[in-house]
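Residues or ranges marked as compositional bias 'Basic and acidic residues' by TrEMBL: 1-11. Among the features that TrEMBL reports, region 'Disordered' is placed at 1-64. Among the features that TrEMBL reports, compositional bias 'Acidic residues' is placed at 24-48. The compositional bias 'Basic residues' annotation in TrEMBL covers 54-64.
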Amino acid sequence: MTGRAEWRDKVPVTATHSSVTLVWEEEEEEEEEEEEKKEEEKEEEVDKEETRKIERRRRRRNRR
């Protein structure tokens, strides 16, 4: 979550403090998990690209 206004829009007006905290924590956990997945996907993509580069170099060397 980026701002308090967004957070307030998502919380029911009659919510108690503890339920608001729980909703907020759950949303933060979900956002963190999404960010971690994105980072892992980026790392996997970089690893794949590095592997491709290494394979290309090996092929070039083997041709010589």
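Here the Cβ of each residue, glycine as well, is placed from N, Cα and C on the backbone.
Bear in mind that TrEMBL entries carry predicted annotations, made automatically and left uncurated.
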DSSP-derived helix, strand and coil totals, residue by residue, for the compositional bias 'Basic residues' (54-64): 10 helix, 0 strand, 1 coil
Residues of the compositional bias 'Acidic residues' (24-48) by DSSP state, where helix covers H, G and I: 25 helix, 0 strand, 0 coil
